[in-house]
Amino acid sequence: MGGDGWPSDGHILLLIVLTVLTPPSLALYRLWIHPLRSYPGPRWWAIWRGPYILSNIRGNLVRDLQRLHQQFGPVVRIAPNELSFIVPEAASPIYTSNPEFPKDPMHLPPFHNGTPGILAADHAHHRRYRRLLAFSFSDKGLRHERSLIERSIDLLITQLHENCGQGPLDLALWFNWATFDIIGDLAFGDSFGCLENVQTHPWIASIQGNVKLIPILNAFRRYRLDGLLRLLGSRKLLEQRRRNAQFTTDQVDRRLKNSSTPRGDIWDAVLAQKPDGEPPMTRDEMISNASAIVLAGSETSATLLSGCTWLLLKNPSHLHQLTSRIRSQFTHASEIDSQSVSRVEGLQAVLEESLRLYPPVPMQSNRIVPQAGAYIAGGWVPGGTSVGLQQFVACRSSSNFHRPDEFLPERWQGQGEFAHDRREVSQPFSIGPRNCIGRQLAYVEMRLILVKLLWHFDLRLDTTRMKDTDWLAEQGIWILWDKKPLWVTLEPRNE
């Protein structure tokens, strides 16, 4: 300091020098000295995270990563300390190692009440949550809940019959209504009434707004600028996030007031269990888990059904074949239930191919390599690196699939020209101990809704509203797909 308390000229000069030299020095380090220097990728992305963050906020990240993998190969450095993989050999070490690679907190949705749910919990809490919720999502549990699921799907078909005469319907919206009502019944013992009232519940809009806000929240969290978000963030998105938290809290509190009365929902088993040596689920834990369950249990199934319908409509020979098989197997609508639909020939292949081309969660969550480091897909990755297998990009890569952009359900037979397809890379529900607990529920919903829809109706894309539209390609991705309306003409079949 100078005699008057101000910094001396030397200190000022040092500050200027550091300010000027630090960015280029950091860039040189990350390009030429950093442990990830040997991995290919765009230089700007390797130097700083700005391009990644901007791409993510704009909803372009998945397609930008697809372009980068086409340019640089199966492993790409997409940030100073992050690698992206698309080879199936990467899945096992990243997602099934024991001890596990912990989730990257900067890739997780922040939790509003300070308590992580099943999607973000550490290993111990995740294992406990999963054990408490396991029965409700098991085959046995779903058999108990079958009547709730089938009731909502029957109402969907009834409402489609009543409304299809008015003109084309937005099936993406109707699928959202159906799966949201189903998860309302399963999660809280009470439907949200979307199908009954033929309108969107406010919670759906708040969920979708909250998902779009997550990349922005994580960008601010990464640089510890959370407080600035209230000043700079979209008021609409922030309000939707607040409303999403409030909806969840209100539903859980309402359920806890009737905790002693069985309601046929997932909380019956949770509230009834007395864990040996472990505490039961707290109110805050129930709120965080309910939020995750409602999102994962409604939005993802509706997304796949929308994508599957689009792909079938764009590939009429496959639509005709599946429709014929469904109608030849079932003489009466009453024969269609959650058990019988699993026996429809070719149905599973159609769903798997739809999941490959249009995975509801295009990016799997990133993990952090333990400090000791690890070999992933034949290469050494130092500890502390964020790693992930990009589901959408991997499934659209010609290195994994023959004719990767075409809808070809027959590829799942693994024969002929598709014998060398690396089908194991398609893991839309993830793998390992943190795979999707609702996988069985999703398949039950998807099979039952699709079979009933095609049994009752002939489908035709509304060319007036969908003319020259590549419905799938035009969607942005903010963790989940930003689905556009899917206008379809439904004609009740001539039985």
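In case you wondered, yes, glycine gets a Cβ from its N, Cα and C as well.
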So one of N113, N289 should carry the feature N-linked glycosylation site according to Swiss-Prot; which one? N289
C-alpha of N289 (N-linked glycosylation site) to C-alpha of C436 (heme binding site): distance in Å? 13
Using C-alpha atoms only, work out the spacing between C436 (heme binding site) and N258 (N-linked glycosylation site) and round it to an integer in Å. 28
For the glycosylation sites listed here (N258, N289), which one has the lowest count of neighbouring CB atoms within 10 Å of its own CB? N258
